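Participant: Here it is, the structure, as C-alpha cells.
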Amino acid sequence: MVDLQEKQCTIVKRNGMFVPFDRNRIFQALEAAFRDTRRIDDHMPLPEDLESSIRSITHQVVKEVVQKITDGQVVTVERIQDMVESQLYVNGLQDVARDYIVYRDDRKAHRKKSWQSLSVVRRCGTVVHFNPMKISAALEKAFRATDKTEGMTPSSVREEINALTQNIVAEIEECCPQQDRRIDIEKIQDIVEQQLMVVGHYAVAKNYILYREARARVRDNREEDGSTEKTIAEEAVEVLSKDGSTYTMTHSQLLAHLARACSRFPETTDAALLTDMAFANFYSGIKESEVVLACIMAARANIEKEPDYAFVAAELLLDVVYKEALGKSKYAEDLEQAHRDHFKRYIAEGDTYRLNAELKHLFDLDALADAMDLSRDLQFSYMGIQNLYDRYFNHHEGCRLETPQIFWMRVAMGLALNEQDKTSWAITFYNLLSTFRYTPATPTLFNSGMRHSQLSSCYLSTVQDNLVNIYKVIADNAMLSKWAGGIGNDWTAIRATGALIKGTNGRSQGVIPFIKVTNDTAVAVNQGGKRKGAVCVYLEVWHLDYEDFLELRKNTGDERRRAHDVNIASWIPDLFFKRLQQKGTWTLFSPDDVPGLHDAYGEEFERLYEEYERKVDTGEIRLFKKVEAEDLWRKMLSMLFETGHPWMTFKDPSNIRSAQDHKGVVRCSNLCTEILLNCSETETAVCNLGSINLVQHIVGDGLDEEKLSETISIAVRMLDNVIDINFYPTKEAKEANFAHRAIGLGVMGFQDALYKLDISYASQEAVEFADYSSELISYYAIQASCLLAKERGTYSSYKGSKWDRGLLPIDTIQLLANYRGEANLQMDTSSRKDWEPIRSLVKEHGMRHCQLMAIAPTATISNIIGVTQSIEPTYKHLFVKSNLSGEFTIPNVYLIEKLKKLGIWDADMLDDLKYFDGSLLEIERIPDHLKHIFLTAFEIEPEWIIECASRRQKWIDMGQSLNLYLAQPDGKKLSNMYLTAWKKGLKTTYYLRSSSATTVEKSFVDINKRGIQPRWMKNKSASAGIIVERAKKAPVCSLEEGCEACQ
C-alpha cells in the first residue's frame, strides 16, 4: 500500500515537467532489466526469488527517493536511475547492474553521435563541415530536371525530398565510425543514388547518375588542360527581376552582400555559412524576392544557435524595406538624404496614402526629417522588423511606404496634433518611441497620423434588457471592432431562460442566443482587414443562465448554444467566495426578478441578495435555482481547465477600489481583463493604452528613477492627447472618454528586467522589485496627471471622485479590508516613497484622468521591441514563434549570454534544450543558481506570480492581464490558486495555461539518440528516424500572437 507521503512526491521528467512519483515504473524497469540479463521471455513468470529481489530493490529505491524529496531536494529520472544502479550492486546483482550501466552508457554515447560532428572530404582534399542542405539542394535539382519543373518546387516534391534527405543522413551516420567522423563526397553521392532507387525514384536516380558522369568528364577535361576545379565561389544562378529581366548572381556576390549584413557580429556570425545555406535553395530562374527570402530564412534558421543572427535577419529585411519604400538599398551612400527626401514627399502626398491631410501643413517637415536617427534601426531584431513589415507599416497597392523611423515619426506626429508647439513635441515623442522606452498600443500604432485616427484600445459596454438596446450594442460592437478596438460586454441584465416576456406573454430564451449573435458579429467584422473582431462577454455568477454560459466554449453539445470565437468571463461577487468557504448554497436568479442586484456591491449587494433569497423562500420569486456553491465552483474550474474559459474576475475589489464610485458601477472588464471602468446605457467606457519598457530603465542593480519619471511624464501626455485626437465610432464612446479621460499606462519586459538584475521570478527579490517598480510608476503617473490637470484642467467628472476625496490607490486597500475582514484580504500595504508631495499635488491641482494604470498583455508590441510580454514569466527558453511570415525558433538571449560566459553554449546544449522542451532543470551541465534564475512559467509556483501581482495591485488603480500557470493542474490546486488570487486582492485574472499547451519543435532532434524507442531494445528500431511532431495545443489564448485590440 502506498503511503500518503509517497503519493505527494513529484519527480522531474526528461521534458522538464514535474510528475507524480510512481513506484510501479521502477518495478517495471527492474523487471525488464532482469528479463533481459537472465534471458527470461516476457510470457514466462519470473522465479519467486527474482521477483522478491525486484520488490526489495524497488522498496529501497522508493524509500531513498521519498527521503530526498522530503528533505527538499529535486529528484530527476536520471537520479533515480543512479539509485537503481547503486542498489543493484549493493544487493549483489552485478550482472544486472553491469548490463544496466552498459545500456545507459550507450545512450550517452548516442548523444555525441550526430551529423553535426561529421566532416566531408572534398575532391580537392579540403575538409568541410557536413551540410544536409547540400543533399536537399542536389535532390531538388535532380527532381526539377526530371519533372521539368518551372518556378517554385511543388510542396509534395519538397516533402519527398525531406524524407529522402533524412534517410540519407541516417545512412551517412551509420557509415561513419565514432573515431573518424569524416566521409568522402563520392561516398555521399553513392548513398544518394542508392536511396533514390530504394524508394522507387528510378528516373530521378538515372538523371542523377548521368549528371555525376557529366561532371566527372568535365573534371577530367580540366585536369588535361591543367586547370583546377571551380571553387564553390564561382557557382552562379540566373535571377529573374521584378521587371522580367534576368541577371546572373554568383556565390561570391551573395557572400559579399551577406558579409555586410554580418559585419556587426564578426565573432558570432558566419556569412559563408549563410551563403551556402541560401545558395542550396536556389534554382535557375529564381525570382529576386525568393533570393532575398532564402537569405533571410538562412539567417533565421541559425537564430536558435546564435541570437545575433536575429539582427542579421533584421538587417536583411531592413534592406528589403528600404528598397521597397525608398527605392534604395540600406547600404547606399546617400541613404540619409534619400530618407529625408522620401519622408517629406510621403507626408506631402499623404492624401493618397490615407494620412491625416493636416500633417503636411502643421509640422516643420525639414526639422522632423533631420530629427530621425537611422542608427536606431539597429535596435530591432528580426521579429520586430517582421511584425512592423507584416502589420504596421502603411502601404499602398502592396508597397510599403514607411521605414521604421518614418513609422515612429508618423505615430509621433499624430499624437502631437493638439500641441501648441507641434514640431517640438513630435520630436520629443519620436525620441521616446524610437528608443524603445515606451510603446503605445496597437490601435495607436495602426492609426496615429492616419485619416481615421481611432487610437483607443478598449471599450466596455453594458446591455439593457430590451431588444432595441441588445441590437444597438451588437451594432456598436461591429463599429468599434471595425477600427481595431477590443470589446468587453456586460450581459448580466438580460432576463434568463423561462422568464416572462410581458409584451407577448411568451417566455424568454435567455442570454445565450444573443451571445451567439455577438460571436458571429465579431467574426464577420474584421479589424481593418488585419484580424477578426475580439469580444469578451461577462456574466455575473448569480444569473440563472450562468451554468449554460459556462459551456459556451465547449466543442460538444448544441451548436446553436455555443460561441467558439468570443471570450467569456465570470463576474464574481465576494459573497460567492464566502458561501464557498462556508460550504453553503448559492441561488441563481433571473435579473428581472432581482432589480438593483447587478448594480450593487459590497455590503449593499449582500443585503439585497439575502433579501431576494428570502423572497424565494416565501414564494415571491418563482424562477430560480439553488445549487451548492462548491458544485458550481467545481464546474467553473472544470470549464476553465477544459476550454480556457471563463476567466475569473472579481466584482467587489473592482468597485470598492474604483476612483469613480461616485459616477456609477464597474459592471465588467474589457477583452483582456485589465480595464475596470464604469459603463451604462448612455456611456461606453473607453481606455487608451501604452506600456513602459522596464528593461530600458535598468541601470546597474536597479531602476533609473529619473529616466523613468521622464518617460512616464511624456507617456501620460501622449495618452492624454489620444483622447482629444481620437476618432470615435459611437456617440456613447466619445461622451464617456471626454467626460472621464481614462488612460491605461502599463509595463512590459518585467522578466527581462529580472534577468538583468540576476533575480529569479520565484523569489522574494522579484516580489520586492514588482512592488518597488509599481510604486514608482504609480507615483510618477499620478504626478504627471496632476501637472497636466494644472496645465489643461481636471477631467469633468472629477468632483466627488476618490481623488477629490483625498484617496489614492494605496488608500483604498483599507476600504476593501473593512468590507472583507482581515482573514479574506492578505495584501501588503508598505511603501518606500514619501507620498505627501503627491497628495498635496492632487489636492491643489486635481487629476486629468479618472483612472491611470492598467497592465495589458502587450503580445504584439513587446515583439516589436524585443522584450518579454507584459509581466509574464518566460514561457520556454526555446520556443517556436509564429507570425504572418511563418515559424522559427527563438532562444532566450539572456540565458545564452550566461551559458557563453561559462563556456557551455554548444550544439549539445541546444539539443538538450530542445529535448527538455526549453527547460533547464534536468540539464546537468547548468549550475543550480542559473536554473533558479531561469525557471520557466510552469516551474514557478503560482504563489510567486500571484504575490508579485498583489504587490502591483496595491499601486495601480485598474487591473492587470494576469495569466496563471500550472504544470499539471488538479481541482484542489486550481481552487487554491484562484482563492489565493482573490484573497491577495487581485481584481481580475486572465488565461489559465497548462503545460500541455505547446512543446518545442523537435524536427532536428534525433529521437533514437534520446531512447524514445522501447526501453530495452538493443537494436535501432525502424521508427527511430521519424520526426517528432509538436503536441496539439490545449486551449490557450487565441490572441497569443498579437492581441491587437489591447496592445
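Glycine is treated like the rest: Cβ placed from N, Cα and C.
So Swiss-Prot lists the following for this protein:
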| type | residues | note |
| --- | --- | --- |
| DOMAIN | 9-111 | domain 'ATP-cone 1' |
| DOMAIN | 118-219 | domain 'ATP-cone 2' |
| DOMAIN | 237-327 | domain 'ATP-cone 3' |
| BINDING | Thr442, Ser457, Cys458, Gly486, Asn670, Leu671, Cys672, Thr673, Glu674, Pro857, Thr858, Ala859, Thr860, Ile861 | substrate binding site |
| SITE | Cys458 | site 'Important for hydrogen atom transfer' |
| DISULFID | Cys458-Cys687 | disulfide bond |
| SITE | Asp465 | site 'Allosteric effector binding' |
| SITE | Arg495 | site 'Allosteric effector binding' |
| ACT_SITE | Asn670 | active site, proton acceptor |
| ACT_SITE | Cys672 | active site, cysteine radical intermediate |
| ACT_SITE | Glu674 | active site, proton acceptor |
| SITE | Cys687 | site 'Important for hydrogen atom transfer' |
| SITE | Tyr990 | site 'Important for electron transfer' |
| SITE | Tyr991 | site 'Important for electron transfer' |
| SITE | Cys1043 | site 'Interacts with thioredoxin/glutaredoxin' |
| SITE | Cys1046 | site 'Interacts with thioredoxin/glutaredoxin' |
Participant: To which of the binding-site residues Thr858, Thr860 does the lowest count of other Cβ atoms within 10 Å belong?
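Facilitator: Among the binding-site residues Thr858, Thr860, the lowest count of other Cβ atoms within 10 Å belongs to Thr860.
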Participant: What's the CA to CA span in angstrom from Asp465 (site 'Allosteric effector binding') over to Thr860 (substrate binding site)?
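Facilitator: About 37 Å separate the Cα atoms of these two residues.
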Participant: Count the residues of the domain 'ATP-cone 2' (118-219) that DSSP assigns to helix (H, G, I), to strand (E, B) and to coil, and report the three numbers in that order.
Facilitator: 69 helix, 9 strand, 24 coil
Participant: Out of Asp465, Glu674, which of the recorded positions is least crowded by other Cβ atoms within 10 Å?
Facilitator: Asp465
Participant: Let me know how many other Cβ atoms fall within 10 Å of the Cβ of Cys672 (substrate binding site).
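Facilitator: Total other Cβ atoms inside 10 Å, all chains included: 34.
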Participant: Among the recorded sites listed here (Arg495, Tyr990, Tyr991), which has the Cα closest to the Cα of Asn670 (substrate binding site)?
Facilitator: Tyr990
Participant: Between all pairs in Thr442, Ser457, Cys458, Gly486, Asn670, Leu671, Cys672, Thr673, Glu674, Pro857, Thr858, Ala859, Thr860, Ile861 (listed as substrate binders), what's the biggest Cα distance, rounded to the nearest Å?
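Facilitator: Result: 19 Å between the two most distant Cα atoms.
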Participant: When DSSP states are grouped into helix, strand and coil, how many residues of the domain 'ATP-cone 3' (237-327) land in each?
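Facilitator: Output for the domain 'ATP-cone 3' (237-327) reads 52 helix, 11 strand, 28 coil.
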Participant: Would you identify which of the binding-site residues Thr442, Asn670 has the most other C-beta atoms lying within 10 angstroms of its C-beta?
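Facilitator: Sorting the candidates by Cβ neighbours within 10 Å, the top entry is Asn670.
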Participant: Just jot down the residues in the same chain as Arg495 (site 'Allosteric effector binding'), at least 6 apart in sequence, with C-beta under 8 A of its C-beta; none if empty.
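Facilitator: For Arg495 (site 'Allosteric effector binding'), the qualifying residues are Asp465, Ile501, Ser508, Gly510, Ser590, Pro591, Asp592.
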Participant: Specify the secondary structure state of Thr442 (substrate binding site) as given by DSSP, simplified to three classes.
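Facilitator: Assignment for Thr442 (substrate binding site) reads helix.
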Participant: For Tyr990 (site 'Important for electron transfer'), what is the tally of other C-beta atoms lying within 10 angstroms of its C-beta?
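Facilitator: Around the Cβ of Tyr990 (site 'Important for electron transfer'), 24 other Cβ atoms lie within 10 Å.
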